[in-house]
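Heads up: the structure comes next, in structure tokens.
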């Protein structure tokens, strides 16, 4: 990114992309600003890049830091979500490298998960609800089916160009940074796990608490250790990561185009009905439907019923 970019951005940004291992930047997008918001939970993993995609501002955050210096248990997830929320973000598309727990999910394949099993150990701060702020959110369906549908449509449209996409799957989110034992890997398969990573949680839970729409896109780099014949070496994994990163950039561009098209249509309908207040900064409301409104200040957050 260009170092001389502005460090403030006054307009709301409604869509964010969180990049993980293998997707630490989004080349080809026009950089607008680089900001580093201070939240009640500290600074985010890295400065947030505001990029322009077809004249729409997009926020990009590198989950593991600018130079991939943060291990999964060191990621300031609350600060990341709070920083994006304070900028106006209401929709998050998150990418993550994963190990495959299924023969049919091959390295370089993409998975649009619909479920997650939490195998983290409580080491990571995992909620905004504390210190007198009490709240409970539903998490039966941890990812957003509306965004998932868009991702599936775009992914399948690109299948002739090297992208293979699986429509559903269950993530096993482990604590890390060590990988699974072979016994654990077989256990996760018996539970119905499709892929395994270290990043889905508490990121998805915090996004739900913050009333943000969240969908993860998984990029398989290798088979987990349950697989007896698929040897893994660093060179092979890095090759898969590079290919995944290139495919992810094409996929995210297509997804953003599709989302913008939907929002533009809703925007024009609302304007024709003489409701411009619903068509500008409040476009994100089409993705809402939660029980609480989330309000931020520099020092605290609170929830109030609708």
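Backbone N, Cα and C define each Cβ position, glycine as well.
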Name the one residue among 194, 199 that Swiss-Prot lists for the same phosphate site as 21, 63, 64, 96, 97. 199
Which residues does residue 96 (phosphate binding site) neighbour through Cβ under 8 Å, counting only same-chain ones at least six apart? 20, 21, 197, 199, 200, 216, 217, 218, 219
What is the nearest of the binding-site residues 63, 64, 97, 222, 224 to residue 180 (site 'Important for substrate specificity'), using the Cα of each? 224
Should one count Cβ atoms within 10 Å of each candidate's Cβ, the recorded positions 21, 180, 199 would be headed by 199
Between 97, 198, which of the binding-site residues has its C-beta surrounded by the fewest other C-beta atoms within 10 Å? 97
I'm trying to understand the geometry here, so how far is the Cα atom of residue 198 (substrate binding site) from the Cα atom of residue 64 (phosphate binding site), in Å to the nearest whole number? 11
State the Cα to Cα distance, in Å, between residue 224 (substrate binding site) and residue 63 (phosphate binding site), rounded to an integer. 22
Determine the C-alpha span of the phosphate site listed in the record, that is the greatest distance between any two of 21, 63, 64, 96, 97, 199, in Å to the nearest whole number. 12
